Structures are given as structure tokens and as C-alpha cells.
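Colleague: Per Swiss-Prot, the feature domain 'Protein kinase' maps to 15-270. Summarising the annotation, Swiss-Prot assigns ATP binding site to LEU21, GLY22, SER23, GLY24, ALA25, PHE26, SER27, GLU28, VAL29, LYS44. If you look up Swiss-Prot, you'll see ASP136 marked as active site, proton acceptor. Annotation source Swiss-Prot lists region 'Calmodulin-binding' at 290-311. Look at Swiss-Prot and you will find 314-343 tagged as region 'Disordered'. Annotated phosphoserine per Swiss-Prot: SER338, in sequence order.
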Amino acid sequence: MLLLKKQTEDISSVYEIREKLGSGAFSEVMLAQERGSAHLVALKCIPKKALRGKEALVENEIAVLRRISHPNIVALEDVHESPSHLYLAMELVTGGELFDRIMERGSYTEKDASHLVGQVLGAVSYLHSLGIVHRDLKPENLLYATPFEDSKIMVSDFGLSKIQAGNMLGTACGTPGYVAPELLEQKPYGKAVDVWALGVISYILLCGYPPFYDESDPELFSQILRASYEFDSPFWDDISESAKDFIRHLLERDPQKRFTCQQALQHLWISGDAAFDRDILGSVSEQIQKNFARTHWKRAFNATSFLRHIRKLGQSPEGEEASRQCMTRHSHPGLGTSQSPKW
């Protein structure tokens with residue numbers, strides 16, 4: 001699918017802008033209706049003046065999205081360029097974010113979590129087959145296609161994705177709580193970083209809090225580097241051994257021993273009937289509400305500590321700037337708003 005940048009003097013001649021859906025580091029996302037039709041899109045509006053020095057990030061996102069066509073991945077439908085802006089017309093998904101939907105459910109089981117993870121694994125496996133590493137998988141980037149109960153889950157936000165031309169990538173990228181050990185060590189890394197992030201997401205989906213967290217940045221990084229986490233009682237008492245085994249294979253310290261997406265898809269917790277059908281909504285939703293309140297997990301953070309850690313490992317200034325643009329931070333599980341979270 002080749003999407004050329006279509007030149008326009010005024011985007012309002014192409015789309016009727018309805019309302020603001022959200023905003024990012026250097027863009028706004030608007031609900032827009034295509035002129036002459038009823039078709040709606042999520043229009044990502046990027047001021048060119050905000051792109052100075054960051055052109056490569058956006059060009060990379062476009063290059064990645066042009067290669068993708070998968071039912072569980074938000075599609076790029078069109079690209080427009082005006083004298084002042086670049087516009088990415090994205091497939092509109094209307095079902096809301098992952099945590100919000102879990103909180104709204106009447107019941108929620110391991111089987112539901114397994115089904116969710118299986119869909120995301122399928123999408124990420126597809127990306128990996130194209131040589132694409134997402135690099136920023138986290139719950140906020142998992143959206144439901146529609147508001148209906150049987151809606152599929154969609155992977156979004158490819159701003160940090162990278163086409164892996166060789167065997168490994170080098171720039172530190174991601175979100176601290178989801179970042180793989182090899183990335184923290186500033187070693188060359190590849191597709192396995194996405195599998196690690198899916199391990200963190202799977203863990204959260206089953207208990208409502210993250211596997212790695214601490215008020216101290218060095219301790220947080222130490223936990224990740226050692227792959228040090230627990231299946232705490234009572235939160236994991238009603239979770240199957242199969243689920244725990246699945247997570248252990250995804251949160252494997254050694255990327256060479258870590259499951260690939262294909263191996264994860266074949267695990268019985270995903271492909272078989274090993275997932276329990278017991279309702280865990282009460283405990284999971286309580287923990288999600290405590291640890292991922294919208295005001296916390298939407299909040300951008302100052303990535304000073306992460307970058308200090310990277311500097312100690314000798315990363316180049318160019319890589320450090322890329323990392324600074326990549327970082328997003330969220331709240332420490334179980335802490336009040338007055339405390340300073342480090343995960």
C-alpha cells in the first residue's frame with residue numbers, strides 16, 4: 001500500500017474537523033469527516049514547526065504504517081501535507097482504552113485476558129514477520145475497535161516503531177515499566193523487547209498492578225535487570241499455573257531464551273483451555289483503579305533518571321535525544337498522589 005503525501009492548501013477542504021480526540025508530544029488528534037462522504041477518521045495533525053529536528057520520527061512512523069495491514073492494528077488511511085502541517089488520517093477506533101473497558105465490564109476472567117493477549121500477540125507476530133519492532137507496547141496503546149462487547153483489540157501508536165533492517169537495533173526507547181533488560185543495558189536488541197512488554201501487560205491484566213516498581217529508580221532498574229518479580233498472594237492465588245508459566249517465558253531475563261511471539265501463541269494458556277474461567281474482576285479492577293488512575297497513567301514524566309542510567313552506559317547524544325522523545329512515565333502501584341513513583 002503506497003500512500004503518497006497529498007498536497008493541500010487547507011485541510012478543511014478535505015475534512016470537516018469535528019472535535020479534538022487527544023494530543024501527543026507534538027501533535028493533536030482530531031475527529032474528522034471526509035468531505036463528500038460519511039467516512040470518519042482520526043486525523044493526526046502535526047505542525048511542521050514542531051517537527052524541526054524530529055522529521056525522522058514522523059517519516060519513520062509513516063514508513064512503518066505504510067507497510068502494515070492487519071485486523072488488530074490501527075491502519076493509516078491517508079497522508080496529507082499543507083504548507084504548515086502534516087496530516088495522518090488514521091482508522092477511527094471508538095471502543096476506548098483497555099483499562100477503561102475492563103473497569104466497565106460486568107465480569108472478567110483469565111480466559112478474557114488470554115483472548116486479549118492472544119489478539120495482541122497475533123498483531124505483534126505479524127509486525128515481527130515484516131521486520132518491524134513496535135518498541136512501545138503498553139496498555140495505553142491497546143484500543144478497542146468498537147464499543148460493543150465482542151469488539152476486537154487494536155494495537156496503536158507506531159511513533160517509536162522501527163523497521164529492523166539488520167539483526168539488531170540500538171537506540172534506547174520505550175516506557176520504563178515495560179522496558180526489557182537488554183534495552184536498559186544498552187545492548188543491541190530486537191523483537192524480543194516487544195515480547196517482554198507483552199509479558200508485563202499480561203501480568204497486569206491478571207492482577208491489576210505491574211511486576212516491576214519501586215520509589216527508587218536504581219532499584220526499579222535493578223528489578224528489571226534481574227527479572228525480579230513475584231506472583232504475590234492473595235492477588236495470584238486464583239490464577240492458573242499455566243498463566244504463571246506463560247508469563248515466566250515472556251519475562252525471561254535472557255532475550256535468547258525468551259519466547260518469540262510464535263512460541264507464545266502456541267502456549268496452552270493462549271491456544272488451549274488452560275486459562276481459568278473464574279471471575280477476577282473485583283480484585284483486578286480494584287488494583288487497576290488504585291495503580292492506573294487516569295490522572296496518573298496519562299501523565300508525562302521527566303525522564304531524567306532513565307537518561308542518567310543510559311548516560312552511565314555511554315549512549316551517544318543522538319541516541320539520548322531519541323530516548324528523551326520516547327519516554328513516558330506512569331504512577332507507582334499502591335502509592336498516593338503525593339508520593340513520587342519510580343516505575
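Placement of Cβ uses the backbone N, Cα and C atoms for every residue, glycine included.
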Colleague: Round to the nearest Å and give the CA-to-CA distance linking ASP136 (active site, proton acceptor) with LEU21 (ATP binding site).
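Modeller: Approximately 21 Å lies between the Cα of ASP136 (active site, proton acceptor) and that of LEU21 (ATP binding site).
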Colleague: Just to verify: the residue among SER23, SER27 with the fewest other Cβ atoms within 10 Å, which of the binding-site residues is it?
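Modeller: Output over binding-site residues SER23, SER27: least Cβ neighbours within 10 Å is SER23.
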Colleague: For SER27 (ATP binding site), which DSSP three-state class applies?
Modeller: coil
Colleague: Give, as a single whole number between 0 and 100, the mean pLDDT over the region 'Calmodulin-binding' (290-311).
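Modeller: That region's mean pLDDT is 51.
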Colleague: Hey, what's the Cβ neighbour count for the residue listed as 'active site, proton acceptor' at 10 Å?
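Modeller: Total other Cβ atoms inside 10 Å, all chains included: 23.
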Colleague: Cβ-Cβ under 8 Å from LEU21 (ATP binding site), same chain, 6 or more residues apart: which ones?
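Modeller: Listed in sequence order: VAL29, MET30, LEU31, ALA42.
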